[in-house]
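Per Swiss-Prot, the features are as follows:
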- 33-53: transmembrane segment (TRANSMEM)
- 77-98: transmembrane segment (TRANSMEM)
- H83, H182: heme b b562 binding site (BINDING)
- H97, H196: heme b b566 binding site (BINDING)
- 113-133: transmembrane segment (TRANSMEM)
- 178-198: transmembrane segment (TRANSMEM)
- H201: ubiquinone binding site (BINDING)
- 226-246: transmembrane segment (TRANSMEM)
- 288-308: transmembrane segment (TRANSMEM)
- 320-340: transmembrane segment (TRANSMEM)
- 347-367: transmembrane segment (TRANSMEM)
Amino acid sequence: MTNTRKSHPLIKIVNHSFIDLPAPSNISAWWNFGSLLGVCLGLQILTGLFLAMHYTADTTTAFSSVTHICRDVNYGWLIRYMHANGASMFFIFLYFHIGRGIYYGSYTFMDTWNIGILLLFAVMATAFMGYVLPWGQMSFWGATVITNLLSAIPYIGPTLVEWIWGGFSVDKATLTRFFAFHFILPFIITAMVMIHLLFLHETGSNNPSGMNSDSDKIPFHPYYTIKDILGVLFMMITLMSLVMFTPDLLGDPDNYTPANPLNTPPHIKPEWYFLFAYAILRSIPNKLGGVLALVFSILILMLFPILHSSKQRSMSFRPLSQCLMWMLVANLLILTWIGGQPVEHPFITIGQLASVIYFFTILILMPSTALMENKLLKW
């Protein structure tokens, strides 16, 4: 008699995905982030569901309902801060996951990579709409500024913005639809994650060497299930430390002031995980140009498989490319810092310089360095 785990139509899928899955024997902790993102998504859906039970999507009561959750609901403060800081953890892991993909050349799995970029866009949209829901000052003005960017689209722009707003400004209709979208998107993301995994399991995982590992595979369970559980443990320690000791560390104090359309905050800025893109947006003094730069700063990820010019897949044995990779990371950190600074000298110049370096490194420096490394192989 065959084992139920291997014969049952439903359990069989789980078995082939998480138990009897052949995995490379040498994948490092950088491969932990996929499972951590899965845990994050589950955590966000769970905490979000409980928050939605007490939240009201109405301009007059939204802010009060969040206050009510924190003050009157049993462990409401815990659920709220786990949800808010869980989003931060989600983005940290996302950026690590993408960075790992770039460093080890995982983007050569085109299907997996492209659905991953669509996932990134979906998560960014969800996070943006979630930030609007507490209806604080930064929620309101963030929504106003970011949705207003769409008015830069030629011909249909202004009409499109009013259509998204559901009126002539960010108001009750906007908040209601943002709540609806914020609720539904995580489930769409879950479906996309399944497609992401489906494509990944077609090819099997990449590994640090970037070489074919078919000759040396080990079962996913128990080796990587244990490794993933350890990763989850570290994640929960970090998340709960944030939630319990400094829950507002990554938030904006302005969001503790109820939304007021008549009073603009001195510095409008998004959550920390969008600051790098916000800095790129602000570094171009033209509205449409800025919007295009903003979109392309993420879309540029789709070019990585095309721009790959090295004979080796991974950067493990390419010191020059490694230098550029870490330069890119440092540059993104500089952009993140600039995005949170006021628009004045010297921050404007630093932001413009960092934006140029960002695109220049990815589009020109990295491919040309890879070609040079190919030449060096012949020495």
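Heads up, the Cβ atoms here are built off N, Cα and C, so glycines get one too.
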In angstrom units, rounded to an integer, how far apart are the Cα atoms of H201 (ubiquinone binding site) and H83 (heme b b562 binding site)?
30
Quick one: what's DSSP say for H182 (heme b b562 binding site), helix, strand or coil?
helix
Sequence gap of 6 or more, Cβ distance under 8 Å, 3 or more pairs: do the transmembrane segment (226-246) and the transmembrane segment (33-53) meet that?
yes
How many whole Å apart are the CA atoms of H182 (heme b b562 binding site) and H97 (heme b b566 binding site)?
23
Is the transmembrane segment (33-53) packed against any residues at least 6 beyond its ends, judged by a Cβ distance under 8 Å, and which are they?
69, 79-80, 82-83, 86-87, 89-90, 93-94, 96-97, 100, 182-183, 186-187, 189-190, 193, 228, 231-232, 235
Residues of the parent chain within Cβ reach of the transmembrane segment (288-308), under 8 Å, 6 or more residues beyond its termini:
98, 102, 105, 107-108, 110, 113-114, 117, 120-121, 124, 149-150, 152-154, 276-278, 280-282, 355, 358-359, 362-363, 366-367, 370
Work out how many Å separate H196 (heme b b566 binding site) and H83 (heme b b562 binding site) at their Cα atoms, rounded off.
24
State the non-local partners of the transmembrane segment (320-340) in its own chain: residues 6+ outside its ends, Cβ under 8 Å from one of its Cβ atoms.
99, 102-103, 269-270, 272, 274-280, 282, 310, 347, 350-351, 354-355, 357-358, 361-362, 365-366, 369-370, 372-373
Considering the binding-site residues H182, H201, which residue's Cβ sits among the greatest number of other Cβ atoms within 10 Å?
H182
Looking only at C-alpha atoms, tell me how far H97 (heme b b566 binding site) is from H83 (heme b b562 binding site), rounded to the nearest Å.
20
